[in-house]
Amino acid sequence: MISPWYIELLSFFGSLLAGGFFLLCLVVLGLLNNEHVNLFLGFTVMILVSILSFFSKDGKKRSLGPVIFSFLNQGFVLFLFGVNQVFKPEDTSLLWTIICFQLGFFFLVSSPIQRFLSPILVFVFSGVLLYEYKILFFIPLLTTVCLFLLYFYTYPKNIKENFESLPYSLSISLLCLAGFSFFPELKQSPQISEFQSLVFYFTGCLLFYKELSSKTNLLTVGCVILFYGLIFFPTLGTPGIIASFFLILIGFVRGYNFLSYLAWFSLLLFYFAFYYDLETTLFEKSKMMLGSSLLFFFAYFCLRFSPMGKKR
């Protein structure tokens with residue numbers, strides 16, 4: 001029997017509290033004063049929890065998921081403290097360690113919660129790594145990889161068992177990468193954010209063409225793609241806006257309602273951030289926000305009653 005989501009959530013917080021008290025007990029006993037002990041204990045906990053996640057019975061695996069996730073990440077944090085104290089790595093080396101271990105957790109730990117969290121951490125820390133290396137022009141490439149994976153894994157037939165949360169974690173990763181456009185360094189290089197927006201635009205055009213070409217004529221498809229571009233042309237410097245609308249599209253087409261709700265929420269956040277950054281008067285901002293909101297609702301209703309919307 002599958003446990004309700006709130007039972008899993010309570011199990012996670014309960015195990016997190018229990019693990020926290022366990023670590024506190026070790027601190028009080030003075031067992032964590034040695035950095036080598038932290039390194040060894042954290043690594044041991046990660047291995048034991050990973051083994052437990054695969055060898056637990058199917059009936060208990062789901063109920064143990066939050067507990068496994070909690071203790072795995074507590075062991076990982078303890079391991080990172082040990083690595084930092086023993087080897088004194090640079091920031092980039094620590095980021096590489098986090099990325100590699102999260103990739104390992106994704107494939108080697110049979111925990112749905114961990115498989116939801118790991119892709120988000122991998123993409124976010126990869127973006128931070130590019131920031132540390134001062135090669136921000138690779139962020140659009142990282143965005144393209146995330147976008148390709150999302151486009152591929154939103155097909156239900158491409159999702160394997162126990163990886164059902166992948167479309168949601170990739171969507172959040174995509175929004176996080178789009179949010180990098182608000183970094184001061186990226187504001188100094190607006191062409192990077194604009195290129196990110198173009199990646200989202202062309203992927204959206206591909207989605208429109210694939211879904212509409214067999215249901216209507218090419219002239220209508222071309223008009224839809226042109227209208228799609230005209231909506232977002234003024235917001236090229238804020239890729240989160242077009243990224244959110246792309247998630248609305250893919251939520252409609254592939255039947256992921258949660259993606260649509262997430263996209264509308266993120267769209268509001270990115271739009272408020274976009275208008276806040278505009279160097280104009282409050283009255284002009286209000287007029288632009290009202291006009292663009294009406295345009296978006298018009299686009300929404302067109303989409304809702306289009307062949308893509310009717311298919312759902």
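Placement of Cβ uses the backbone N, Cα and C atoms for every residue, glycine included.
Automatic prediction, not curation, is the source of TrEMBL annotations.
The domain 'DUF4401' annotation in TrEMBL covers 4-303.
The transmembrane segment annotation in TrEMBL covers 12-31 (among others).
If you look at the transmembrane segment (37-55), the same-chain residues 6 or more away from its ends with a CB under 8 A from one of its CBs are 26, 31, 61, 64, 68, 71-72, 74-83, 85-86, 101, 105, 108-111. Under the heading transmembrane segment, TrEMBL lists 37-55 (among others).
According to TrEMBL, the transmembrane segment annotation covers 67-87 (among others).
Using a Cβ-Cβ cut-off under 8 Å and counting only residues 6 or more beyond its ends in the same chain, the transmembrane segment (93-109) has close neighbours at 46, 49-50, 53, 68, 72, 76, 80, 83-84, 87, 115, 118-119, 121-122, 125-126, 128-129, 132. What TrEMBL lists as transmembrane segment is 93-109 (among others).
Under 8 Å from some Cβ of the transmembrane segment (137-154) lie the Cβ atoms of residues 123, 126-127, 130, 163, 166-167, 170-171, 173-174, 177-178, 180, 186, 189, 192, 195-196, 199-200, 203, 207, 239, 250, 254, 256, 259, all in the same chain and six or more residues away from its ends. Per TrEMBL, transmembrane segment is recorded for 137-154 (among others).
The transmembrane segment annotation in TrEMBL covers 166-183 (among others). Outside the transmembrane segment (166-183), and at least 6 residues removed from its termini, the chain residues within Cβ reach (under 8 Å) are 115-120, 122-124, 127, 131, 139, 142-143, 146-147, 149-150, 153-154, 159, 192-193, 196, 200, 237-240, 243-244, 247, 254, 256, 258-259, 262-263, 266, 270, 273.
Feature annotation from TrEMBL assigns transmembrane segment to 224-252 (among others). Counting residues 6+ beyond its ends, the transmembrane segment (224-252) has Cβ neighbours under 8 Å at 143, 150-151, 154, 171, 174-175, 178-179, 181, 190, 193-194, 196-201, 203-205, 207-209, 212, 258-260, 262-264, 266-267, 269-271, 273-274, 277, 292, 295-296, 299-300, 303-304, 308-309, 312 in the same chain.
Same-chain residues lying 6 or more positions outside the transmembrane segment (258-276) and placing a CB less than 8 Å from one of its CB atoms are 154, 167-168, 171-172, 175, 178-179, 182, 235, 238, 240-241, 243-248, 250-252, 285, 288-289, 292, 296. TrEMBL lists 258-276 (among others) with the feature transmembrane segment.
Annotated transmembrane segment per TrEMBL: 288-306 (among others), in sequence order.
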Close approaches to the transmembrane segment (67-87) from elsewhere in its chain (Cβ under 8 angstroms; 6 or more beyond its ends): 11-12, 15-16, 19-20, 23, 32, 35-46, 49-50, 52-53, 93-94, 97-98, 101, 105, 109-111, 113-114, 117
